[in-house]
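Undergrad: I'd like to ask some things about the structure below.
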Amino acid sequence: MEPSPAAGGLETTRLVSPRDRGGAGGSLRLKSLFTEPSEPLPEESKPVEMPFHHCHRDPLPPPGLTPERLHARRQLYAACAVCFVFMAGEVVGGYLAHSLAIMTDAAHLLADVGSMMGSLFSLWLSTRPATRTMTFGWHRSETLGALASVVSLWMVTGILLYLAFVRLLHSDYHIEGGAMLLTASIAVCANLLMAFVLHQAGPPHSHGSRGAEYAPLEEGPEEPLPLGNTSVRAAFVHVLGDLLQSFGVLAASILIYFKPQYKAADPISTFLFSICALGSTAPTLRDVLRILMEGTPRNVGFEPVRDTLLSVPGVRATHELHLWALTLTYHVASAHLAIDSTADPEAVLAEASSRLYSRFGFSSCTLQVEQYQPEMAQCLRCQEPPQA
């Protein structure tokens, strides 16, 4: 094929015999009309981001931490520094005051420091790319970090509950009311500061299913999807639990300061507010278990997704519909679509994928298109799962 003159200065091509060119193998070459002739490309070239997304919803994210995760990391760094400083102060104050409640609060802060350090590590780990072994990447390291945070709080609280029970049985202890009151006041201020730092306020323009706060929907549920970083949420729940206990310790310290004979308020406040701290972990624990058990993402119902797929022209039935979440912000769907023999599979696939992405904010969708068979209505494996 060789260029020949054409109107307007453009080039056209025509077939040429190998004898005319003396080329080997009779291969055909096509020179671009828009670029200067260049050397042939190597046989193996690196893959690049395409200007159009033939099967992907979003452009390829840049390497490293996303803006949402960078924001989460900054939150955790700041909260961890504040937590460590005030933890050291509470250890000293609790020792001087001989207060188990203060030491309890310091132990909770120690658990917070450890959990936030673990969360920072899990955030870094979650940025590692997918491999042939870890095909989904390391997204769930955030969820595992949140689970470790909850478990650590439960363990520390259990130990302190035991110590509070022992103090109630044996009253051979003395409380320094003044030191306890001062330390408890500082602890309340510290926990308020950490709660402010960890408040789930993401960076601007966090759109899409990977946003830090809400995923806007083009259609579908009226309420936005509440999202967030699980590591920051777990740390925030820790701080809320500590804040509740700090208020209880402050109330007990005021009572002991003015009425030293009521020193039993120290272990009693430890007992009561430790239980409150355990209860505060319930929302995070529920989300973690839902993710690890491959449950349907929050605010994404099975029936709405199924009805959306069935509303696509040409789709007769759907089965093998699975919805799950890698994290609170990364939702995945897969399904088989049984279509009419007259339907265009490519058109059905494009329309179904578009509706799932736009209405429910899925990060990844895998759909298999197949011809509808009447036997599917009686097939056991093609039936919908029962209600939970």
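Just so it is clear, glycine is given a Cβ too, placed from its N, Cα and C backbone atoms.
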Undergrad: May I ask you to indicate which of 265-285, 328-348 is given in Swiss-Prot as transmembrane segment?
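TA: The listed stretch tagged transmembrane segment in Swiss-Prot is 265-285.
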Undergrad: With respect to the membrane, does Swiss-Prot record Asp105 and Trp138 on the same side?
TA: no
Undergrad: My understanding is the cutoff is Cβ-Cβ under 8 Å with a sequence separation of 6 or more in the same chain; which residues meet that for His108 (Zn(2+) binding site)?
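TA: Result: Leu153, Val156, Thr157, His238, Gly241, Asp242, Gln245, Ala277.
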Undergrad: Looking at 146-166, 236-256, 265-285, which one has the highest count of Cβ pairs under 8 angstroms to the transmembrane segment (106-126)?
TA: 146-166
Undergrad: Using a Cβ cut-off under 8 Å, which residues of the same chain at least 6 positions beyond either end of the topological domain 'Lumenal' (167-177) come close to it?
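TA: That would be 96-100, 253, 256-258, 260, 263-264, 266-268, 271.
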Undergrad: Residues other than His108, Asp112, His238, Asp242 within 8 Å, Cβ to Cβ centroid, of the Zn(2+) site?
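TA: Checked against the 8 Å cutoff, the neighbours are Cys83, Leu109, Ala111, Ser115, Leu153, Asn191, Val239, Gly241, Ala277.
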Undergrad: Sort out the residues at least 6 away from either end of the topological domain 'Lumenal' (97-105), same chain, that have Cβ-Cβ distances under 8 Å to it, and list them.
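TA: For the topological domain 'Lumenal' (97-105), the nonlocal Cβ contacts are 90-91, 160, 163-164, 167, 173-180, 183-184, 187, 242, 245-246, 248-249, 252-253, 266-267, 269-270, 274.
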Undergrad: Within 10 Å of the Cβ of His238 (Zn(2+) binding site), how many other Cβ atoms can be counted across all chains shown?
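TA: Around the Cβ of His238 (Zn(2+) binding site), 32 other Cβ atoms lie within 10 Å.
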